[in-house]
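**Q** Taken from Swiss-Prot, the feature active site, nucleophile covers Cys149, and the record attributes it to similarity to another entry. Taken from Swiss-Prot, the feature NAD(+) binding site applies to Arg11, Ile12, Asp33, Glu77, Asn313, supported by similarity to another entry. The feature D-glyceraldehyde 3-phosphate binding site is assigned by Swiss-Prot to Ser148, Cys149, Thr150, Thr179, Thr208, Gly209, Arg231. Under the heading phosphoserine, Swiss-Prot lists Ser148, Ser177, Ser200, citing similarity to another entry as support. Per Swiss-Prot, site 'Activates thiol group during catalysis' is recorded for His176.
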Amino acid sequence: MVRIAINGFGRIGRLVLRIALSRKNIEVVAINDPFITVDYAAYMFKYDSTHGRFDGEVSHDGKALIIDGKKVLVFQERDPATLPWGAEKIDIAIDSTGIFKELDSAQKHIDAGAKKVVITAPSSTAPMFVVGVNEDKYAGQTIVSNASCTTNCLAPLAKIINNAFGIEEGLMTTVHSITATQKTVDGPSHKDWRGGRTASGNIIPSSTGAAKAVGKVLPELQGKLTGMAFRVPTVDVSVVDLTVKLAKPATYEEIKAVVKKASENELKGVMGYTEDAVVSSDFLGDTHSSIFDAAAGIQLSPQFVKLVSWYDNEFGYSTRVVDLVELVAKN
């Protein structure tokens, strides 16, 4: 039984808790969030505007959440180094704050007594692992990153296509649902002026490092992909549009067949495949990292194609976080 703690009880932290509770080999011991009191944590965990009510009993005793009779301690420390991870025998701390995402800052969890750390954000210093893509390269590193939700969608698809046909170069666009960093009405956003505009009333062009990060988990694609994002007024579920120049000519039928085969074999559970006339809400709660939309892609020539793949940027990603925790626990 692996003992875990969750730092940061936001969208990802709460969903990671939901998913972890359903895994027999994981015990969630504690959560920490300096901005959330225990009674508020109970409320936020119980009710979710996007994914619905938690299917179980949720209460608290003033110090801990009580979920279906099981206690989960709640702390409110700003500095992770002061958390009692040693006393609580924490094997893996999951950091979903978006703040402690580099080796030096995530080290605070180790200093507090945790054995390992999984960061739920891309990192420029911690090694990044994408389940289904490069998790076989995990060699016991103490602090790891689960990359971003968009990299988790793009990388499995890019791996399949590159292995079968070769990718010479490509551009990615993610049409991405709103996230917590955006504004309900126009407000100050000094680093990203467009990002400060009303989330619910605009299509907002934005930057993303997700495509370049694929080169970190698939070195053979280093320098071959880049991309951008459009933030759109949907609450959850996003879609990747990958336009690539192939090294080897292929028909669209051949591409579909290769992706379908991978989704049923080595990437089962990570890569999905559909030929249905789907829209974004059809993927709410989908646990795949990426679901290939066979009916949406187009081909211009034997070596130039646009491929489309959906992802629940909250739930699919959080599922992979827990998968990575299990992998780290085994090694």
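The backbone N, Cα and C atoms fix where each Cβ goes, and this holds for glycine too.
It should be emphasised that the depicted structure is a prediction, and the values quoted were computed from it without experimental measurement.
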**Q** A 10 Å Cβ contact count, applied to the recorded positions Thr150, Ser200, Thr208: which residue has the minimum?
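**A** Candidates: the recorded positions Thr150, Ser200, Thr208. Fewest Cβ atoms within 10 Å: Ser200.
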**Q** Neighbours of the D-glyceraldehyde 3-phosphate site Ser148, Cys149, Thr150, Thr179, Thr208, Gly209, Arg231: Cβ within 8 Å of the Cβ centroid, same chain, sequence order.
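**A** Other same-chain residues near the D-glyceraldehyde 3-phosphate site: Thr174, His176, Ala210, Ala229, Ser238, Asn313.
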**Q** Could you tell me the C-alpha distance between Arg11 (NAD(+) binding site) and Gly209 (D-glyceraldehyde 3-phosphate binding site) in angstrom, no decimals?
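**A** About 20 Å separate the Cα atoms of these two residues.
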**Q** Which one is closest to Thr150 (D-glyceraldehyde 3-phosphate binding site) in space, judged by CA to CA distance, out of the recorded positions Asp33, His176, Ser177?
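**A** Out of the listed candidates, the nearest Cα belongs to His176.
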**Q** For the recorded positions Ile12, Cys149, which Cβ has the most other Cβ atoms within 10 Å, all shown protein chains included?
**A** Cys149
**Q** Please tell me which one of the recorded positions listed here (Ile12, Ser200, Arg231) sits closest to Ser177 (phosphoserine), measuring Cα to Cα?
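**A** That would be Arg231, nearest by Cα distance.
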**Q** Given Thr179 (D-glyceraldehyde 3-phosphate binding site) and Asn313 (NAD(+) binding site), what distance in Å do their CA atoms have, once rounded to a whole number?
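**A** Approximately 10 Å lies between the Cα of Thr179 (D-glyceraldehyde 3-phosphate binding site) and that of Asn313 (NAD(+) binding site).
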**Q** When you put Asn313 (NAD(+) binding site) at the centre and draw a 10 Å sphere around its Cα, which of the recorded positions Ser148, Cys149, Gly209 have their Cα inside it?
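**A** Neighbours among recorded positions, in sequence order: Ser148, Cys149.
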**Q** Return only the integer: C-alpha distance in Å from Thr208 (D-glyceraldehyde 3-phosphate binding site) to Glu77 (NAD(+) binding site).
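**A** Counting only the Cα atoms, the answer is 30 Å.
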**Q** Tell me whether Arg231 (D-glyceraldehyde 3-phosphate binding site) sits in a helix, a strand or coil according to DSSP.
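**A** SS state of Arg231 (D-glyceraldehyde 3-phosphate binding site) = strand.
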